[in-house]
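Pulled these from TrEMBL:
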- 184-431: domain 'ComEC/Rec2-related protein' (DOMAIN)
- 6-25: transmembrane segment (TRANSMEM)
- 32-49: transmembrane segment (TRANSMEM)
- 55-73: transmembrane segment (TRANSMEM)
- 203-223: transmembrane segment (TRANSMEM)
- 229-254: transmembrane segment (TRANSMEM)
- 266-285: transmembrane segment (TRANSMEM)
- 291-311: transmembrane segment (TRANSMEM)
- 323-342: transmembrane segment (TRANSMEM)
- 348-369: transmembrane segment (TRANSMEM)
- 381-400: transmembrane segment (TRANSMEM)
- 412-432: transmembrane segment (TRANSMEM)
Amino acid sequence: MERDIIGRPLCYYAFSIYFGCYSLIVYDKSKLLGAVLTASFLIVFLISLDKKFFAIVLGFYFLGIVSINMYYCNSIPSQSIIRVRIVECNKNCCIANYNNRLIKLYINCDENSKAICEGIKVTVRGNFSRINNYSRGYIGNYYVKQIISMHKDIWYKLSEYKREVYMEFENKLGKQHAAYVMALCVGEDKYLSFGQKENMKKLGIVHAICVSGFHIAILYMVLEYLGGMTIAFPLSLIYVLFTGCKSSTIRAFIMISIMKISKKVFRNYDSLSALCFSIIVILIIKPFYVISIGFVLSVLSVLGIILFYKVFNRCLYKLPIKVNNSISLSISSQIFSMPYAALIFKKISIGFILANILLMPILSIVVILGNMGILLFKVKFIFYIICYILKTVLTIFSGAEYILSRIVPDMMNISFINVEIYLLLLFTLIMIKKGNNEVKFIPLCVLPVLILQIYV
């Protein structure tokens, strides 16, 4: 494992701003619990840190409180005219962006409502009802009485471009393969069928359909190889904007940028500090991500890779390098994210290692070719060649996915006790690794609980 968090002040700052955001949400639900959390934070850090450093940490804690308070407390007049951008269209409502805040837009069926689609900017008259939805980041519901005007700007044109690309991919590849391309390349998972999503969950590769660091890393690597940093940096930023500025892509872009800039200025790159810096930036810009499942899973996956990738790499040194790297990456990314996912979804994938080794290299090719197709969509001759290669690669992927889905066991149900035991054993291993052998008997205490759970 890498050196301790001590000596990395950004780790303290990131934790403080995260805890500040989280504490206010808890306080809104339960004032007593929120007060207890705040008091616990103050006592622990006051005892363990010197006064000057504690003052800085406390500043970031209050920055988190202020950031999330400004996001959710900035309300809309109950009867008003507002201009919003449509982010997502569902059957019953639309998700819209109003002053960098998300609201649910309920629109009556009329002539103008049929023209509303993702990316378009609309001016509407109606009533606002403030209902904070912390898990989704919505500040309330807006009931539209009248659509005053619609404006098609560059963001609408980008959304329209994505729709046109999907239609062309569907025409050339078929509905199923086109859905994979759009999900892998731009994070548009709405085209995937329920069966496709369930298969990917079972195999433990569902993270591939959410545009993340995996996609940014592949794209940046290819762009840097073709045109250097001067080309790779701005095009990667455009890709982040094109895919909707998701938390995982912002996090990955910030970390890659810090790594490349640090090499230019002859500084050592510290991946853990870079991760913490990206957390601080994201929570200042979009504090509602504090309890976003996607954001937390992304951070925990990267944290696991940073802390444990080299450990597994050394343990599996007898394996071929590529197999070693793939297994080490798969396991380390699950160290922290798996227990969190188990708590949320109550299930975990057992065959994720095998699926990641065999399928992720194929999906990497799809990401590269798919993005080339999106970029060169208007050059039909080249686009058709790319589609031909894509169809071959996706046929191989579908075959491999089908075989693996028959081999790999179904997802395993997980209880809260299972997660507690896992975390306790993980803590024990870390403490033993650091020389604290007095905790080595903890697993013996856990054994009776496991036996009771299995047979009772």
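Here, residue 1 is simply the first one shown, and the rest follow in order.
Even glycines carry a Cβ here, placed using N, Cα and C.
Whatever TrEMBL says is automated annotation, not expert-curated.
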Is the transmembrane segment (6-25) in contact with the transmembrane segment (55-73), using three or more Cβ pairs under 8 angstroms as the rule and ignoring pairs under 6 apart in sequence?
yes
Looking at 229-254, 266-285, 348-369, which one has the highest count of Cβ pairs under 8 angstroms to the transmembrane segment (6-25)?
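Ranking 229-254, 266-285, 348-369 by Cβ pairs under 8 Å to the transmembrane segment (6-25) puts 266-285 first.
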Same chain, outside the transmembrane segment (348-369) by at least 6, Cβ under 8 Å from its Cβ: which residues?
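Same-chain contacts beyond the flanks: 180-181, 184-185, 201-205, 208, 214-215, 218-219, 222, 323, 326-327, 329-331, 334, 338, 341-342, 386, 389-390, 393-394, 396-397, 400-401, 404, 407-409, 411-412, 414.
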Do you know the mean pLDDT across the domain 'ComEC/Rec2-related protein' (184-431)?
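Mean pLDDT across the domain 'ComEC/Rec2-related protein' (184-431) comes out at 84.
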